[in-house]
Amino acid sequence: MPLGRLAPKLRTPPPLAVKTKSTAKGEYSYAWLLGALYSATYLVFSTSIILANKHIITETHFNCPIAVSALGSLFGWTVSLAAVSSGTVALSTRLTLAQWALFVLPIGVCTALSLAFANIAYVYLSLSFIQMIKAFAPVVTFVVLVAFGLDRFDPNLALALLVIVAGCFTASSGEVHAKSAQLGLVCMLVCEVAEAFRSAGLQYLLASKSFTLFDGLYYFSPATLIFLAGLVYVFEWEDLKDADHLAAIQNNPLAFLCASTLGFFVNVASLGVIQCAGSLTLKIISQLKNVAVIVAAVVLYDDVVTALETAGYAVAMCGFAMYQHAKWMDAEFAAADAKTSQGQGSFSGGGGSLSLDNSGQLSATVPITRGVGRGGGFSLDSIRQPGDTQPGGSKGDGGIGKGGGFAALAGIGGGDGGGSRGGVGS
């Protein structure tokens, strides 16, 4: 009895929809335009919020940088809370109070420290120099991710990071504008370390739970505000009650409004860049943003960029390019390995299998059904065992090969009646 008669028959899958060249070209053009729009929006908003914070802290004499850093989180939480409460946006993930305290609060601490110390650095360091030091961020982030097992050590990445360290060290030795360079550098170091831990926490959390943009704003903003409010109360509360600071708010309402709203739009634009163009594009745009801020600082605030700072920053940018290339190559190798593993043809189906022994004798177990093999799978509807007196099956559905794989309709018989038909898979 042919073994294939014991196997259940599967329904033929519907034909795949085929996209025409014009349709594919139109979708690609739309995605490219949308990615370019988000990229340009992020570049403008992220540059603007840095200049707005700098203007508030140094030009309006509102010497409360921690309070300024809390404005964006306050606005983001207000918008997300209003959207969720009104039913305009539905949360995709619900957290209990215990889960929020366990998973979100630690990230809120890191976010608060990152925002607060980044703004404090504006008091002690020039705007242009701060942007140069931000090139050091991949080094701290990589060390933290490897330490927590969220990334793996790679020699090429390590070499690129050493180049970044050398460039940042050279640039920092050329800083001449700082009121207290050592204190400002400590603030930037705390900022970068806190940002690295924040990134590691977010990466871990997003891998285990599905968070949308409004989920993040809804849950993370209040956690950040709690700790920023605590820092403001400890370090800036008496200054906030000063008449000069209140007058600064009254005389510059537009600047404070911009600082409150730009943070929200930066978050939206960064999400759009990641969705349409990828995180690599976002990192590259961030470096372009740093260059734009340096130029703006020279033009608007008469910052003096020395030759040594320029040389150090150029070296750091070369290291950043090496870092991104190494990450890109690592992703390409991973994708190639995944594609290779998926491209193996299937030699089994429905619990059955097909194999050759050392003598070249074909053997099979039941049941064997038609299968689909990515890259050219192989399956049978009927197989004739050696010694059977019945004719072998004349039909066996071959796998459908993806990317030019070979597919065949073949009957394999141990004796009489083994016919075959072949074809080429798409």
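Cβ atoms here come from the backbone N, Cα and C positions, even for glycine.
Note: TrEMBL annotation is automatic and uncurated.
Feature annotations, courtesy of TrEMBL:
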{"type": "DOMAIN", "residues": "37-323", "note": "domain 'Sugar phosphate transporter'"}
{"type": "REGION", "residues": "376-401", "note": "region 'Disordered'"}
{"type": "TRANSMEM", "residues": "30-52", "note": "transmembrane segment"}
{"type": "TRANSMEM", "residues": "64-85", "note": "transmembrane segment"}
{"type": "TRANSMEM", "residues": "97-125", "note": "transmembrane segment"}
{"type": "TRANSMEM", "residues": "132-150", "note": "transmembrane segment"}
{"type": "TRANSMEM", "residues": "156-176", "note": "transmembrane segment"}
{"type": "TRANSMEM", "residues": "217-234", "note": "transmembrane segment"}
{"type": "TRANSMEM", "residues": "254-274", "note": "transmembrane segment"}
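Same-chain residues lying 6 or more positions outside the transmembrane segment (64-85) and placing a CB less than 8 Å from one of its CB atoms are 49, 53, 56-57, 91, 111, 115-116, 118-120, 122-123, 214, 217-218, 221-222, 224-225, 228-229, 231-232, 235-236, 239-240, 245, 256, 259-264, 266-267. Beyond its flanks by at least six residues, the transmembrane segment (217-234) meets 64, 66-67, 69-70, 73-74, 76-77, 79-81, 84, 91, 95, 100, 104-105, 107-109, 111-113, 115-116, 211, 240, 264, 267 of its own chain at Cβ-Cβ distances under 8 Å. Only sequence-distant pairs (6 or more apart) were considered; of these, fewer than three Cβ pairs between the transmembrane segment (30-52) and the transmembrane segment (156-176) are under 8 A, so the stretches are not in contact.
Packing against the transmembrane segment (254-274) from elsewhere in the chain are residues 34-35, 37-39, 41-42, 45-46, 48-49, 52-53, 55-56, 60, 68, 71-76, 79, 213, 216-217, 281-282, 285: each is 6 or more residues past its ends and has a CB under 8 Å from a CB in it.
Confidence in the domain 'Sugar phosphate transporter' (37-323), given as mean pLDDT, stands at 82.
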